[in-house]
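As given in TrEMBL:
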DOMAIN    13-230  domain 'Alanine racemase N-terminal'
MOD_RES   Lys36  N6-(pyridoxal phosphate)lysine
Amino acid sequence: MSSITQALQFVNHQIQQALAQAHRPANSVDLLAVSKTKPLSDIAQAYQAGQRRFGENYVQEGVDKILESRQQAWLNEPIEWHFIGPLQSNKTRLVAEHFDWMQTLDRAKIADRLAAQRPEQMAPLQVCIQVNISQEQAKSGVSLAEVDALAAHIAQQPQLNLRGLMAIPQNLGQGQALAEQFKAMGEKFAELQQQYASVDTLSMGMSGDMQLAINHGSTMVRVGSAIFGQRG
Ligand SMILES: *Cc1c(COP(=O)(O)O)cnc(C)c1O
């Protein structure tokens, strides 16, 4: 068995354990395998082990892998590709034309461009609003107070489908501050679900804070190096 296959099994096992500890149903959290900087051959190994959902941070690198993956003999079911990096407005077309999900949407202007550029024959782009939950100056994302306005804006665009919220908290370990931030995300997510039938995704939690995120209602965890190894 390859090390990627083993690591993937281990991470899936950790997710199920965290769910059990949180008294949540099995399989109620999806794993996004973050494959940034890793070659398509690594993605192929994870795919052969059953993984279908991959996340990329750099637009051009992601698009190259998406196109290359479609040429592969091993691809018998489609991969679900998630864009999870910062996006400049001059790169929106690449995301609109190639990705299935855009998790880091934080501006109405970017939403408008993605909607206009999404090809009509494709399914709507699935989007999450990125929340800057740690209120860091440098990080992208809207404040919790700004979520409703952006959600309403996205909901008007037929080429976009609002799926939920995403956050990358500051690295605070497993401390009380992080728990409070995850709790606030969980509450906002529940509120949004009341308003929009399409909302089902709370993307939060990585290797180090998976249990805490799952305790607070995460439905998608994003894991890279624990599956593919450290990035060079
Ligand atoms: C890189 C990245 C991850 C995964 O990080 P690892 O430390 O490799 O597990 C998760 N989410 C986002 C947004 C990332 O950029």
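Cβ atoms are placed via backbone N, Cα and C, with glycine included.
Source: prediction; values computed, not measured.
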Three states by DSSP: which one describes Lys36 (N6-(pyridoxal phosphate)lysine)? coil
Just to confirm my parser: what is the rounded mean pLDDT across the domain 'Alanine racemase N-terminal' (13-230)? 95
